[in-house]
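Peer 1: If you look up Swiss-Prot, you'll see Cys573, Cys582 marked as [4Fe-4S] cluster binding site. If you look up Swiss-Prot, you'll see His675 marked as chlorophyll a' binding site. Annotated chlorophyll a binding site per Swiss-Prot: Met683, Tyr691, in sequence order, evidence recorded as sequence analysis. The phylloquinone binding site annotation in Swiss-Prot covers Trp692, and the record cites sequence analysis as its basis. Taken from Swiss-Prot, the feature transmembrane segment applies to 70-93, 156-179, 195-219, 291-309, 346-369, 385-411, 433-455, 531-549, 589-610, 664-686, 724-744.
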Amino acid sequence: MIIRSSEPEVKILVDRDPIKTSFEEWARPGHFSRTIAKGPDTTTWIWNLHADAHDFDSHTSDLEEISRKVFSAHFGQLSIIFLWLSGMYFHGARFSNYEAWLSDPTHIGPSAQVVWPIVGQEILNGDVGGGFRGIQITSGFFQIWRASGITSELQLYCTAIGALVFAALMLFAGWFHYHKAAPKLAWFQDVESMLNHHLAGLLGLGSLSWAGHQVHVSLPINQFLNAGVDPKEIPLPHEFILNRDLLAQLYPSFSEGATPLFTLNWSKYAEFLTFRGGLDPVTGGLWLTDIAHHHLAIAILFLIAGHMYRTNWGIGHDLKEILEAHKGPFTGQGHKGLYEILTTSWHAQLSLNLAMLGSLTIVVAHHMYSMPPYPYLATDYGTQLSLFTHHMWIGAFLIVGAAAHAAIFMVRDYDPTTRYNDLLDRVLRHRDAIISHLNWVCIFLGFHSFGLYIHNDTMSALGRPQDMFSDTAIQLQPVFAQWIQNTHALAPGSTAPGATTGTSLTWGGVDLVAVGGKVALLPIPLGTADFLVHHIHAFTIHVTLLILLKGVLFARSSRLIPDKANLGFRFPCDGPGRGGTCQVSAWDHVFLGLFWMYNAISVVIFHFSWKMQSDVWGSISEQGVVTHITGGNFAQSSITINGWLRDFLWAQASQVIQSYGSSLSAYGLFFLGAHFVWAFSLMFLFSGRGYWQELIESIVWAHNKLKVAPATQPRALSIVQGRAVGVTHYLLGGIATTWAFFLARIIAVG
């Protein structure tokens, strides 16, 4: 029997003044590395400086010191985020038409940027309505501000200043927790305490405070705004907070205070904590009362979750015990050993977090249109398209990052001597089966999905529409997807007896929400065209996964290079004299994976953009007749590759190509410039190092002749550097091209 002292033990978890603050050291480029600190001999030095500045593993092998650097860097990151937010709010306060938009969001477009007339570029200030001229923004900030109850530009100023104060505070915290009071390694590895604090503090109290803000500030202010009250007449947020009678006039049960909460008489709160489902017909957004209810429920769940883990007192879950008890029938000793991996390798931990956060970000992308959370968001088509595209790209990059850090973990932190027969070892031992099967799946999906399109193009070209796969000829209906849609559409009143409408209008039914003559959302029909493109999605996702997973599973060794772990995370080839060993490093798999990620997400956002313009977005007449932007052409046009090129890319590029001389002309310039950036990448991807070194030496000779040669020797980019520059410009150029194409189109027609 274990006798525990009733007093919790006090652990000393910080070191005082571990590292002195030295501006002299910070001013010395490369101070973190003995080699780089010597200064440049060749131009490769500047590349190494950038490559290693944040690679804390390369500065020291002391896990505590690495942990402190990462922790401190997080505060720096938060500081930048607050600075960015402050800038957004400041633009809203200083350069925007927010107050005008608030008074008439259906006829006035959001703008928070006015171009100064320096060389005639004031043409970019288009008329967004209400007599305001500026650049139309598509970030969704106006909708968020309205939902949170901001009614004046003064409030935006105050928030911007508050964010600046927080940015300064975060910078200070980053310095303080590295130089003055740095946590010990034990603190970083105390997972139970971390879970309790993050669950109860960040998620629990965070959700609770947001729910409180929504109930006490957002709901009353939005109720007045929806009723058409002038924003200047509405009481200020602090008046609602300090004066309960004001709220009780809107929601009578407020006079009872918190009594119903603690006496479990919750139905008293039903007027401001609802369970309606569907969208508010006035704003086209989710009911704010539903959102407040959701955040209160989430807060309570997370507050409970934040008390589940064992810390100083002898009760609660212990993560190591949970993991080691987790055994399946086929997994041998189960999760034994995983705890040690995740508390000693931050790359392994980061990999999991990136995979989950990336997946979550993609889930957010899909919810932003199917359950639009903010007022007047659903009818702002430019913002809807931007939010979807943005979250898809971000989520995909995070998922590729997960593979990158999993591979770095395998190379740098994995210890095969202690990892015998645990789950990871078992996966590694049958990696050939995993990769070869996944490869087969990719080949199957590729030939079949592409084959369906090729069939349709051929039949269409030969004038045989009756032999095509389409909703009007040979149907390939997505029956499983339609079944799921139907199940959700029928849920209210049956499996979800408390809800009045379904979670999303997209599931089906007869409901349609339109705001100011524009469609906010309606049931989205799925047919043969969606079936075809979904299999392209499956194909591109599986190929991306194949490349990334192969990189992780073969990061340490392969039949081709058994000693790969000794070569490190990134290397060009396995030395001279071994042909056919280039592009095998874990880094190269990330590099190649990025291109397929780009393929995958491009198809997704093209599908979304066209589908919404064809089947959802549009105007509605007095008689209730809906006219879609592209007139429902998705179902018949997107079933051939020619249709994608002709009726999507070419037809919808007309706005960006013809934008010169209009307020959208900046998008035309970006469209052109981003194509150039993309093409520039090919120069790095298609040419070798030797070619450039030869050219450089000839140019250096000319400089020597003229006695203007630099002391630092010019060097061609290494193979890996060239690829890094190439993929960066490829992605940057491709994404910026798509951005210009989408926005010029949707701002012109939406």
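In case you wondered, yes, glycine gets a Cβ from its N, Cα and C as well.
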Peer 1: Could you tell me what the rest of the chain brings near the transmembrane segment (664-686), counting residues at least six beyond its ends with Cβ under 8 Å?
Peer 2: 121, 123-124, 126, 135, 655-658, 717, 722-723, 725-730, 732-737, 739-741, 743-744, 747-748
Peer 1: Within the same chain, where does the transmembrane segment (385-411) have neighbours whose Cβ lies under 8 angstroms from its own Cβ atoms, ignoring anything closer than 6 residues to its ends? I mean 6 or more beyond.
Peer 2: 138-140, 341, 345, 347-348, 350-355, 357-362, 364-366, 368-369, 544, 548-549, 551-552, 555-556, 565, 568-569, 586-587, 589-590, 593-594, 597, 600-601, 604-605, 608-609, 612, 735, 738-739, 742-743, 746, 750
Peer 1: Using C-alpha positions only, work out which of the binding-site residues Cys573, Cys582, His675, Met683 is nearest to the residue listed as 'phylloquinone binding site'.
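Peer 2: Considering only the listed binding-site residues, the nearest one is Met683.
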Peer 1: So which residues does the transmembrane segment (195-219) touch in its own chain, when a touch means Cβ under 8 Å and the partner is 6 or more beyond its ends?
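Peer 2: For the transmembrane segment (195-219), the nonlocal Cβ contacts are 147-149, 237, 240-241, 247, 250-251, 272-273, 288-289, 291-292, 295-296, 298-299, 302-303, 305-309, 311, 319.
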Peer 1: Quick check: in three-state DSSP terms, what is Tyr691 (chlorophyll a binding site)?
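Peer 2: SS state of Tyr691 (chlorophyll a binding site) = helix.
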Peer 1: What Cα-Cα separation, expressed in whole Å, is found between Tyr691 (chlorophyll a binding site) and Cys582 ([4Fe-4S] cluster binding site)?
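Peer 2: Pair distance, Cα basis, whole Å: 18 Å.
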Peer 1: Same-chain residues six or more away whose CB lies under 8 A from the CB of Met683 (chlorophyll a binding site)?
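Peer 2: Met683 (chlorophyll a binding site) has long-range Cβ partners Gly726.
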Peer 1: Just name the most isolated of the binding-site residues Cys573, Cys582, going by other Cβ atoms within 10 Å of its Cβ.
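Peer 2: If we count Cβ atoms within 10 Å for the binding-site residues Cys573, Cys582, the smallest count is at Cys582.
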Peer 1: For the transmembrane segment (724-744), could you work out the same-chain residues 6 or more beyond its ends whose Cβ comes under 8 Å from its Cβ atoms?
Peer 2: 138, 382, 385-386, 389, 393, 591, 594-595, 598, 602, 605, 609, 652-653, 655-656, 659, 664, 667-668, 670-671, 673-685, 717
Peer 1: When the number of other CB atoms within 10 A of each residue's CB is tallied over all shown chains, which of the binding-site residues Tyr691, Trp692 has the maximum?
Peer 2: Trp692
